[in-house]
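Asker: Pasting in a structure now, in structure tokens, and then I'll have a few things to ask.
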Amino acid sequence: MTVLASKPEPGAAPPPVEVESRRAAAARKWVWTAIIIAVWVVLWRIFHGDATLTLGQRDHTPLHQDLTGFRDSVLASRDTNPFVSLTYSIGERLTSFADWLSRMISTKDFPRPYPQIGWLGVVAIATWIGYAVANLRIAVLVLVSFLAFGAFGYWEDSIDLLIVTMLAVLIAVLIGLPLAVYYGTGGKVGVGILTTLMDIAQTMPTFVYLGPIVLFFGIGTSAGVVCTLVYALPPIIRIAGHGLRRVSPTTIEATDSSGQTSWQRLTKVQLPMARATIVVGLNQTIMAALSMATLAAFVASPGLGKPVLRALQSNDVGGATVPGLLIVLMAIMLDRTTTAASLRAEKASRGGHDPKWRRIILAVTAVVALALVYVSRTYSWAAGYDNFLAQLKSSAGIDLTSLGRNTANLVDDVFNWISSTFDGITEAIKNIISYGLLNPLQDLLSESPWFVTGLAIVAMASLLGSIRGFVSAVVGCALLWYFDLWHDAMITLNMVLVATLLVMILALVFGVWMARSRTVDFILRPLLDAGQTIPPFVYLIPVLALFDATRFTAIIAATVYAAPVAIKLVADGISGVSATTLEASRSTGATTWQEITKVQLPMAKSSLVLATNQGLLYVLSMVVIGGMVGAGALGYDAVLGFARSEEWGKGAAAGITIVVLGVMIDRICRAAAADPNDQSSRLQLEWVKARARFQGSRSTV
Amino acid sequence: MRTNWKRATQLVSASAVALLALSACGGGDIASETQQNEQNAGSDGDCGDVNMALNPWVGYTADAYVFGAVAADKYGCNMVYKDLKEDVSWQGFGTGDVDIVIEDWGHPDLEDKFFAEKGDGSATNVGDLGATGIIGWFVPPWLAEAHPDILDYKNLNKYAKDFATSESGGQGQFLGADPSYVQFDEAIVKNLGLDFKVVFSGSEAASISAFQKAEENKEFLIGYFYEPQWLFADVDLQRVALPPYTDGCQDDPAKVACDYPETPLQKVASTKWLDSGSPAVDLLKKFNFTNDDQNTVAKYIEEDKMSPEDAAAKWVADNADKVASWTS
């Protein structure tokens, strides 16, 4: 969440001979933790059910009423309030521009039965752009992707998603780059405020601001673009800003000595030198935008999210999988294209000129592309993809007309087989974890008096993170209490903890395995990439069918969602352990098990801590989706607030509570990891690097 | 090299101009289709876009697409369907984002905000849809047969333990549906002193599969359900009697302790759109769709896996007389 580098603490470096005492300190910590938990359990037994601050599912407090009242007053004043009319006119302009684009390339431009440029023309232009900005391989990838959008029957939705995503990215770059410059070069206070704002934007569940955005910007494309923007803006600011800050001070000093203005310094030195990082930021912004644009289907924003959402409403596993995979394909296409484009641009900036033949090819293919545009405006088979498929069937005998539905049916069959075959097993797993772990832990967290749980959290945070942990926990718990959803927050916290535990088990097993075997790494990595880009709704449906509407469903969905990041972090951390250290341990005759537990894992400790932290935050971001499938608590409150206008205040409070939980956990983790007994500066650097790498690749809800 | 580049650019721009000029007058079959659409649109005044909210249950989809099929066919309207929850749809009346909510189950709070009597007047009631909505608490048929007394709410506590699941914390589980639907179950449970906890399935489809599974495996299940719904033809869910509905007993959502009323479903539309003179306005006023009609189309969609467009087209073809009565 934060990439703000903290200053190394002078004097905190560990004295060399203190290994023994450090071990003793660790043991002391464990003893104290055990004591705290023991006291907590005793108090829980005594005061079970007292002062739990439980709020009925449809009850609200005056605070929630006030929030709802505020929303109502904005809604009532929307015709007269100048701010609302400003945002409305912005929204209208966004919508009409996106509509115009979509009538050009995706949907029928009524009364014309097709868009102005038919599918063939769009494919031709896109492929040409792929070649122009990158290379032939990218052009082929773009060509195949676009053909797949149509062949599976989702041409219009795919292009609409592309339009919404690109529009949001364009605005994100326009707003984000200046902010990134400030973030990379500005003063401490301003940067701190910006960081907090970005933290909130990325942790706040979308459902909470989806409602207000509709209020200010209207339904449809405009709301879609704006909520995508909120979520996609932080990565480019963070990562580009980080790149700017990293430009070496010696270079700046050297060029400053030649008497340049600060504008010259920025445009001639800092921006060019941070170019590669800025492109990474752009890339991450595109990925974030793509994942959020899918979710914007909840406010009727066009795109592939629409069929996915409809499939969720009708429990259609196959019907969700096909558009879900097309989203993954689009993500891969955009990711590879931007990466390749940045490489080409870098080469060009170093003075490598395009060879002559390439320019000739570009010119010739441009003509071909335009010719195809003309064809796509003239013939109906080149204008509507359906017509093309029908033509293909009648004249060439190739029947692709129901490729999408057939694929969906195949997925359905496979899935039905799985769910009927393993029905008993899944039920058993669900019950073992629910009754064995989930229920007791939830009882302890939520049925203790609130001040007991709160004190236990504060005590453990202080133990692990000393003074910074203490402050974070106190502020966090106070805010949780203030927003009147303590009981729900504890139930959510419980689910988050259990899911994170599962994530870390997976991360350790697969992370170690990947780090130790190149083959495993090679096979798993693409799967993990796909796991990070596929919209959560897609796998929510099968998980729901396997485990019913329960907290367990939510936990599994969250685990699937968070595991790829954690696995990658652990694998990268362990691969980073130096080969010489491993050699040394092997020469002492250590077994594989000893090598893993005594050398690799301890040496990769910072990565493990980071993986846990990121796992937690990813899991937290799935909480709201869990609320839609019977998991209840904060997620349900947020969904309810979006769905029913009289509950908006409670939903907003739930959203804020989720943010508070996320930020509190993050700060406690960081305080714990920055334990002065560890090499704190190295750890912080790792932290910053890894976060920058993963920032934005997550798609929150 | 430079001249080469220049020549290439010239070539490209020249051909681009030529192509654009050609394409402007090019047409063939596309032009004739366009003309056809224009004629359709022109015959009865200009219809243009009609923004139809699609609330998330299949019965609604059925009404909406049948209306859309007729509007597009007879008046050349361009139907724009928007997947929205009920509350968000109503917000769209004032902004022109939504023109029609074709199946409204009664939202006193939204009516206060958006009807002319108390609110900003952006929405107007267009009258009965023709279908009657029945919301209630239902159990699978096997359960009603095995334990007939379960159909009275007073006996529910006796069975609470049988309804318990891993989610209900020792109480009985009551299966709620999509949180956005009209519902007071938490309040009813609380105010009638029932030992149950409401757990949400999240969607219509999830509730349907839960009831199907419960009937198949003879499991205890009680939950929120409603008619018209095609599922009743397959699994004849039995309604549990709650204290009868009386006027005003649902006015305060937190204090509800009575059954749901039978709701004549309403057509609601944007006031602005109603005044626009669109030929589809008249169609909306005459549009009448009964529970049976809806169940037929919903079943095409849900069980026969037809697309909503095809399902609506099939019904329209089979019911020419009804359609004729809306368009005369």
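Placed from the backbone N, Cα and C atoms, the Cβ positions cover glycine too.
Quick caveat, the model's predicted, so the values are computed rather than measured.
According to TrEMBL, the record shows the following:
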TRANSMEM  A:30-47  transmembrane segment
TRANSMEM  A:113-131  transmembrane segment
TRANSMEM  A:138-155  transmembrane segment
DOMAIN    A:158-338  domain 'ABC transmembrane type-1'
TRANSMEM  A:161-182  transmembrane segment
TRANSMEM  A:214-237  transmembrane segment
TRANSMEM  A:320-339  transmembrane segment
TRANSMEM  A:360-379  transmembrane segment
TRANSMEM  A:450-483  transmembrane segment
DOMAIN    A:489-669  domain 'ABC transmembrane type-1'
TRANSMEM  A:495-516  transmembrane segment
TRANSMEM  A:536-563  transmembrane segment
TRANSMEM  A:615-636  transmembrane segment
TRANSMEM  A:648-665  transmembrane segment
Asker: Taking the transmembrane segment (A:30-47) as the first stretch and the transmembrane segment (A:360-379) as the second, find out whether 3 or more Cβ pairs fall under 8 Å, excluding pairs closer than 6 in sequence.
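Answerer: Result for the transmembrane segment (A:30-47) with the transmembrane segment (A:360-379) is no.
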Asker: Could you give the residue numbers and ranges of same-chain residues that sit at least 6 residues beyond the transmembrane segment (A:214-237) on either side and whose C-beta is under 8 angstroms from one of its C-beta atoms?
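Answerer: Non-local partners: 71, 74-75, 78, 84, 87-88, 90-92, 94-95, 98-99, 164-165, 167-169, 171-173, 175-177, 179-180, 183, 194, 198, 201-202, 206, 278, 281-282, 284-289, 292-293, 295-297, 299-303, 695-696, 700.
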Asker: Who are the chain neighbours of the transmembrane segment (A:138-155) in space, where the CB to CB distance is under 8 Å and they lie at least 6 residues beyond its ends?
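Answerer: Contacts with the transmembrane segment (A:138-155): 106, 119, 122-123, 126-131, 304, 307, 322-323, 326, 329-330, 332-333, 336-337, 340-341, 385, 388-389, 400, 403-405, 407.
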Asker: Does the transmembrane segment (A:495-516) come near the transmembrane segment (A:360-379), with 3+ Cβ pairs under 8 Å (pairs 6 or more apart)?
Answerer: no
Asker: Should anything in the same chain at least six residues away from the transmembrane segment (A:615-636) have a Cβ under 8 Å from its Cβ atoms, list it; otherwise answer none.
Answerer: 1, 57, 203, 205-207, 485, 488-489, 491-492, 495-496, 499-500, 503-504, 507, 536-537, 540, 544, 548-551, 553-555, 557-559, 561-563, 565-566, 654, 657-658, 661-662, 665-666, 669, 698, 700-701
Asker: Hey, which bits of the same chain come close to the transmembrane segment (A:360-379), Cβ under 8 Å, at least six residues off its ends?
Answerer: 116-125, 127-128, 131-132
